[in-house]
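A short worksheet on the structure shown next.
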Amino acid sequence: MDSSCIDEISSSTSESFSATTAKKLSPPPAAALRLYRMGSGGSSVVLDPENGLETESRKLPSSKYKGVVPQPNGRWGAQIYEKHQRVWLGTFNEQEEAARSYDIAACRFRGRDAVVNFKNVLEDGDLAFLEAHSKAEIVDMLRKHTYADELEQNNKRQLFLSVDANGKRNGSSTTQNDKVLKTREVLFEKAVTPSDVGKLNRLVIPKQHAEKHFPLPSPSPAVTKGVLINFEDVNGKVWRFRYSYWNSSQSYVLTKGWSRFVKEKNLRAGDVVTFERSTGLERQLYIDWKVRSGPRENPVQVVVRLFGVDIFNVTTVKPNDVVAVCGGKRSRDVDDMFALRCSKKQAIINAL
DNA sequence: CGGTGTGTTGAA
DNA sequence: TCAACACACCGG
């Protein structure tokens, strides 16, 4: 099924893309006869029948692509309109690049039925990607020419569907096409104890789970030295932990590397760490975590001061979201900043 | 100083 | 909504 565009975009948040700064009114144009020097490939050269001189046309060559406009230097701009306002999508060397950028923006702004330049602008994975990002973010990527990279990274992250012990789906994303879904089996979960996130720098793996899923090569030097195990987190980051058996406490533990995980994820006692393994051939191990379930006694209050305006967001959030240390996870605040920044002109207009 | 992208307009 | 046109202004 070819669905090149996303279904419907819930733009609950009002997003504005007007100019970042209000410009002064430009004076009336004086000399209309100026010739424009256009870059290589951009200029249309015409032969003047009057004197036979070769003159450069001052008209810029128009593009056959929708949303693509010529630039004086021979490059191409991409733009889309929304709510009586132009949204600039950046400049590009090739018309086709600009056209693709327009297509992507069109799909994000107008949904699957948007009129676009090329068919199959979007691969299957793009749908979820677009859905997962705000218009502002998509525009930003287009302008910075980073859309392709971001998309690739996102796809590499391999959204998955987890499978519990009964083989029952309890997974996260459903918008991804099945062919990119990687199934994982949840091996076990553990609500971390105070000492797991304390200065002992180790995580105790409950014996039953350790012996079942992470068997150590029995009585050998390995018992004392332990082994290194790699786990991948939801952001695709690989965590390497030393895994060993402590005779003193007769327990299996993750040691070296664990404290870094605790620190980066801001793990707290009661949070639940999940260990998973892909069901495919590669048997890749994964690690994830979630905040302790149940009510929080103290909701975290986030206050962002932006352009002299305090933005309150009183809610229960992961520590991760507060400090935005989670590399791959996007914070909605970015959008809000963009929207606010771009609404400056709107405010000025309204004031007139 | 080159180029971007905004102001602006008229057509669709 | 859209492209065309002109050029103010911004970053290098």
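Cβ from N, Cα, C; glycine included.
Annotated features, as they stand in Swiss-Prot:
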COMPBIAS  A:1-25  compositional bias 'Low complexity'
REGION    A:1-26  region 'Disordered'
REGION    A:46-68  region 'Disordered'
DNA_BIND  A:64-119  DNA-binding region
DNA_BIND  A:188-291  DNA-binding region
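Across all of the DNA-binding region (A:188-291), the predicted model scores a mean pLDDT of 89.
Helix, strand and coil residue tallies for the DNA-binding region (A:188-291), in that order: 20 helix, 39 strand, 45 coil [DSSP]. In the DNA-binding region (A:64-119), helix, strand and coil residues by DSSP number 16 helix, 18 strand, 22 coil.
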